[in-house]
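Taken verbatim from Swiss-Prot:
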DISULFID  Cys3-Cys24  disulfide bond
DISULFID  Cys6-Cys11  disulfide bond
DISULFID  Cys17-Cys41  disulfide bond
DISULFID  Cys45-Cys57  disulfide bond
DISULFID  Cys58-Cys63  disulfide bond
Amino acid sequence: LTCHTCPYNTCANSETCPAGKNICYQKKWEEHRGERIERSCVANCPEFESSHTSLLCCTTANCD
């Protein structure tokens, strides 16, 4: 599985997920500098927190 890794809405960078991390995720939240995005490979989908504006977990290549 490969997942996007850059902190932008449009992302060309991907990484191959290590063994045991078979979920791509994308988390968005607002800061004083504007919207922040975090993307990576994870073993379990993180919980949605009240500070997040969106949370996406998926299992197909570059779906985040």
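Keep in mind that glycine also has a Cβ here, set from the backbone N, Cα and C atoms.
Projection of Swiss-Prot feature records onto the structure.
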residue	record	Cβ contacts under 8 Å, 6 or more apart
Cys3	disulfide bond	Ser14, Glu15, Cys17, Cys24, Tyr25, Arg39, Ser40, Cys41, Ala61, Asn62, Cys63, Asp64
Cys6	disulfide bond	Ala12, Asn13, Arg39
Cys11	disulfide bond	His4, Thr5, Arg39
Cys45	disulfide bond	Ile23, Tyr25, Leu55, Cys57
Cys58	disulfide bond	Ile23, Cys24, Tyr25, Asp64
Fill in: disulfide-bonded residues (Cys41, Cys57), the one with most neighbouring Cβ atoms at 10 Å
Cys41
Fill in: Position of peak Cβ density within 10 Å, selected from the disulfide-bonded residues Cys17, Cys24, Cys63
Cys24
Worksheet entry | Cys58 (disulfide bond) - helix vs strand vs coil (DSSP) | strand
